[in-house]
Amino acid sequence: ASRQDPHLREVVRFAVCCRALTLLLQASLLPLFFFQALFNLLIPDHAADAFCPPRLSEPGLWDLLLEQLLGGLSHWDAEHFLFIAERGYLYEHNCAFFPLYPLSVRAVAEGALWPLQRLLRFAGRPAYSESMFAFLAFSAMWQLEKGQSWLSGLLFSLASGVRANGLINAGFFLYSRSKCFALQLQVGLGSVRKLPLLWKQVLSLASSAVLMCAGIFLPFALFQYYAYVKFCGPGTGLEQAVPKPLLQLALDKGYRLAAMNGVKPPWCSQQFPVIYSYIQDAYWNVGFLRYFELRQIPNFLLALPVTLLGSWAAWTYIIANPWHCITLGLERRKSEDEGKPRAGFCCPAVFVYVVHATVLLAFGFFCVHVQVLTRFLGSSSPILYWFSAHLLQEYEPLLWSEGTDNRTVAPRTEKSILSKSPGSCGKRTPGNPVVRLLLNCRLITPLSKCILGFFLSYWLLGLILHCNFLPWT
């Protein structure tokens, strides 16, 4: 597909370059001794009550070098992933992190990096699971748009094995089948002879939707069953096999081991024993409006840009397609469709993605630790990127100017606005448009500066704060 679509090839190339630059800033010698030394000197490590298990073996020279180069990537949730990859689900609260990513880390460490195992204590160093989840979820959405339902279902199922919010992706299948059902119903009602055939088609759509949704929920259900057997089963004397430092950590921090002392955790006796919701409630106090405290105002300010951007995207789409939103995209009026773009952010096909992003935004803002909202949305929905690109294409003259020198860009007229669809941006000069905007940052509009500044500042602040255990998880 990348050979046929030069835009896709450019997006992939730019994404790889950005990730490589991030690792370079984290791991290269110059940033190591400059950025980290400077940040660690000016910004002391925050005394966060984060998971930090002790190292059970003395690190060698190469371990110390790897820790210095990439140690900043192993804070906060990354400690859980690395611990699970090494030790499995030893502590109860580790089960908040789904298994596919740490299993992949271990597979890489024992497979591709096997020759280094004699030099390194553990030849692997995770980042977070969001990149893997985004790759699987976005690929599944793409395949569903292309009509590859079974491949899409497989990718969605793998995504739900990476993060719990992958379960909501079942809504894409349900909506896709609902649209097919509505279309078949509208066609079938016109003729009585078509009713038997219509019901066969309806049953086929319903059965495929059930199978796809079951496949998406299967990894979650299997993982919950695994946790139930491990932590709710009869005592196996596991605590005797746990190394003393890890056992002492459990005693000091109140971490629960599997069937420790024969005492089962309270969630085991629930009618539907789901460990994930129990951990979120008991260990992290996740729940509706629980984060609405005065002392959390800085974290809400941290989430404010993405909250405004996501809300603006939803409002823009609703204003552009009111009837489409009211009817959930299941019924169309020709009078409403006239003049509507068939491509771009405001086209009808984007409706389900806007709903998905808005639901995640509302859930993340009211129910979870709000400082994770940016990576939560950014790894789950393409809407933030689509809408940001839509704003740049619509309101940045440097992108839609035709044959105009960058230093003398003419203002956009009302006629030019009306003559272009929301997804268009005129005749463009070759090259990556984001790079072109960054190279001409003094000439771009204030809106473009805000958009690019948000993404750049989030990326840079993440490198600075994350390595110092500051609230940038």
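Keep in mind that glycine also has a Cβ here, set from the backbone N, Cα and C atoms.
Feature annotation from TrEMBL assigns transmembrane segment to 12-35 (among others).
TrEMBL lists 202-227 (among others) with the feature transmembrane segment. With a threshold of 8 Å between CB atoms, the same-chain residues lying at least 6 positions outside the transmembrane segment (202-227) that come near it are 89, 95, 98-100, 149, 153-154, 156-158, 160-161, 164, 166-167, 169-170, 173-174, 177, 180-181, 184-185, 273-276.
Marked as transmembrane segment by TrEMBL: 300-323 (among others). Under 8 Å from some Cβ of the transmembrane segment (300-323) lie the Cβ atoms of residues 332-333, 336, 340, 345-346, 348, 350-351, 354, 357-358, 361, 364-365, 370-371, 373-374, 377-378, 383-384, 386-388, 390, 422, 454, 458, 471, all in the same chain and six or more residues away from its ends.
Annotation source TrEMBL lists transmembrane segment at 343-366 (among others). Same-chain neighbours of the transmembrane segment (343-366): 141, 145, 165, 168-169, 171-172, 175-176, 288-289, 303, 307, 310-311, 313-314, 316-317, 320-321, 324-325, 328-329, 332, 337, 372-373, 376-377, 380-384, 386-387, 389-390, 421-424, counting only residues six or more beyond its ends whose CB sits under 8 Å from a CB of the stretch.
Per TrEMBL, the feature transmembrane segment maps to 450-472 (among others).
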